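Working notes, beginning with the structure itself.
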Amino acid sequence: MKTQYSLIRKIWAHSVTEFLKSQWFFICLAILIVIARFAPNFARDGGLIKGQYSIGYGCVAWIFLQSGLGMKSRSLMANMLNWRAHATILVLSFLITSSIVYGFCCAVKAANDPKIDDWVLIGLILTATCPTTVASNVIMTTNAGGNSLLCVCEVFIGNLLGAFITPALVQMFTNRAPFAYGNPATGNGIGALYGRVMKQVGLSVFVPLFVGQVIQNCFPKGTAYYLGFLKKYHIKIGSYMLLLIMFSSFSTAFYQDAFTSVSHVCIIFLCFFNLGIYIFFTGLSYLCARPWFILKLFPHEPIEGKSTRLYRYSYNIFRPFYYSKEDAICIMFCGPAKTAALGVSLITSQYGDKKEHLGKLLVPLVLYQVEQVMTANFFVSLFKRWIQKDAQADGSESSCANENEEVDLEKIISIGTGENQSVLSNNVPYTQPR
């Protein structure tokens, strides 16, 4: 018996087993995709378990209930008022990404390749106009050590505005050639669409977040015990719920014959295009979150009596647009991400009278969702090391300052302020953020 137990422990601690355990998310995702392929009626929208409610509402609500339990109310409200970060993410999510994808689709359309379906290109444009995803970017931002409070606020704001912005962008991109054939029925179902989106965002994001905040403030000891229990036993509720959300999306897509309605060449094209465009958008989001020229234009804080009034006002307005690393990670996850939970509703509502093309329209969105989660999961470890590197550097600088009794006051202030402070208060360190 002892020999068998030691053998099991040896196998469990083997390097191959450790690697498989580290990739548990993708292994579970692959299993769920296979189940969705052969039993799509189980978790699809309108299926056996009514996935649009049990998963579309229940799983997303649990994620934000968890977020509400672990976030301080004062910090949450401060992040809600961070208009600079919200403006940056909204411009990236709606305007920049959709315009770039539209340009690529025009180029592909001009190539006139018969293997690339015309309605798949419309699906790409629709995917690019969707708001940021509801669940995955919150989970990835939290795991990477980014500003999850800002991410939660952005999910609420972005999806609320997406109900109005997405249909308007679709009309703008499809009201003339070369994509006039894909223009949805103008005005049909838009009012109902707004109602559904408001209901879903309210019930799955706002209400559980509010309930979590109430529980946290009324029962702080019980909340701390619950969160400590999850942390002690490595229970990752957010990741489990995200797997179920993707399971429901794939079930809906397979049930509507989304992957069999287009050619294999088109599917391969979408896989590589989605991967490349997501990585490109992540890099673009980094450039928007930490533009190098701001440090060149504003190398130091305004000096009383020496700096001009123009420099002082310009510094206060533009310098906070160079975000901290925590906020930058949130921007890099929220900017390129596109929601499938609300995206399916946005697409089906606009193309309700074109059911024969609905499967083709959903293919780019479903594939983009799984690829963005896989790629973002890879970025988590990179971003975490990026933050930890500065945390270690700040710690070494602080210890050196304590040993030296005659330390420059300016240096002490810069260390005390810290890189990791959010830009919400607009108290920007004198030293340049790393």
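The first residue you see is number 1, and the count goes up from there.
Keep in mind that glycine also has a Cβ here, set from the backbone N, Cα and C atoms.
Quick look at what Swiss-Prot lists:
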type     : residues : note
MOD_RES  : SER425   : phosphoserine
TOPO_DOM : 1-15     : topological domain 'Cytoplasmic'
TOPO_DOM : 37-50    : topological domain 'Extracellular'
TOPO_DOM : 72-87    : topological domain 'Cytoplasmic'
TOPO_DOM : 109-118  : topological domain 'Extracellular'
TOPO_DOM : 140-149  : topological domain 'Cytoplasmic'
TOPO_DOM : 171-199  : topological domain 'Extracellular'
TOPO_DOM : 221-234  : topological domain 'Cytoplasmic'
TOPO_DOM : 256-264  : topological domain 'Extracellular'
TOPO_DOM : 286-327  : topological domain 'Cytoplasmic'
TOPO_DOM : 349-362  : topological domain 'Extracellular'
TOPO_DOM : 384-434  : topological domain 'Cytoplasmic'
TRANSMEM : 16-36    : transmembrane segment
TRANSMEM : 51-71    : transmembrane segment
TRANSMEM : 88-108   : transmembrane segment
TRANSMEM : 119-139  : transmembrane segment
TRANSMEM : 150-170  : transmembrane segment
TRANSMEM : 200-220  : transmembrane segment
TRANSMEM : 235-255  : transmembrane segment
TRANSMEM : 265-285  : transmembrane segment
TRANSMEM : 328-348  : transmembrane segment
TRANSMEM : 363-383  : transmembrane segment
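Counting Cβ pairs closer than 8 Å and at least 6 residues apart in sequence, the transmembrane segment (328-348) and the transmembrane segment (235-255) reach three or more and so form a contact.
Residue counts for the topological domain 'Extracellular' (109-118) by DSSP state, with H, G and I taken as helix and E and B as strand, are 4 helix, 0 strand, 6 coil. Contact count against the transmembrane segment (16-36) (Cβ pairs under 8 Å) is highest for 363-383, out of 51-71, 200-220, 265-285, 363-383. Against the transmembrane segment (51-71), the recorded stretches 88-108, 150-170, 200-220, 265-285 differ in Cβ pairs under 8 Å, and the greatest number is found for 200-220. Tertiary proximity for the transmembrane segment (235-255) is limited to same-chain residues at least six positions away from its ends with a CB under 8 Å from its CB atoms, namely 25, 28-29, 32-33, 35-37, 39-45, 47, 51-52, 55-56, 59-60, 62-63, 66, 135-136, 138-139, 142, 229, 340-341, 344, 359, 362-363, 366, 369-370, 373. Ranked by the number of CB pairs under 8 Å to the transmembrane segment (363-383), the listed stretches 88-108, 150-170, 200-220, 265-285 are led by 265-285.
Ranked by number of Cβ pairs under 8 Å to the transmembrane segment (200-220), the listed stretches 88-108, 150-170, 265-285 are led by 150-170.
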